[in-house]
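Heads up, here are the entries from TrEMBL:
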SIGNAL    1-20  signal peptide
DOMAIN    30-84  domain 'MIR'
DOMAIN    92-144  domain 'MIR'
């Protein structure tokens with residue numbers, strides 16, 4: 001598989017960034033998830049990372065597939081935090097709980113997306129990576145701690161698809177074979193369906209400090 005890491009390198013060279021996990025303690029200014037940061041979303045129940053690659057679904061939309069994988073070092077698990085379609089957010093702008101965002105796959109430049117096609121294994125809605133840039137790319141960040149005002153690293157969140165109302169989900173009960181053995185299915189499900197499988201947290205990545213004024 002061919003990886004494109006130029007975007008990651010450019011981010012890492014920026015002055016006001018921190019690579020998560022590179023130090024035992026992180027300054028407070030890097031604790032919040034901000035626009036322009038490249039993050040890895042970790043599934044809370046299984047520890048797998050939200051992932052994509054240049055492998056299309058064989059059913060449904062035929063768009064680029066989304067899975068969850070166990071490894072921490074795969075650049076195909078990096079996602080750029082961006083404003084919802086039609087809006088902009090400045091690099092370093094914090095993401096409030098309840099905000100609508102998009103996640104752009106660093107390596108393939110496609111957006112985390114959902115629609116009314118059925119997922120191949122669990123019977124939920126398909127989650128894909130799509131370059132078309134439409135309303136299916138919009139996701140609402142729901143913080144599970146109601147006292148939280150902003151999305152912060154390590155905090156548990158749910159990602160609710162704005163168009164369908166379904167939640168980003170994964171499960172060790174639904175695992176692919178070849179050509180992607182060991183990858184878990186990622187789908188979108190109703191909130192009442194296996195709610196423990198809907199929770200995620202932002203962990204490894206390249207984070208911008210707050211208030212770095214450069215429009216994306």
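Numbering starts at 1 and runs along the chain as it is shown here.
Placed from the backbone N, Cα and C atoms, the Cβ positions cover glycine too.
Unlike curated entries, TrEMBL annotations are predicted automatically.
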Of the residues in the domain 'MIR' (92-144), how many are helix, strand and coil by DSSP?
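Helix/strand/coil tally for the domain 'MIR' (92-144): 3 helix, 27 strand, 23 coil.
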Using DSSP, what's the helix, strand and coil tally for the domain 'MIR' (30-84)?
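DSSP composition of the domain 'MIR' (30-84): 4 helix, 27 strand, 24 coil.
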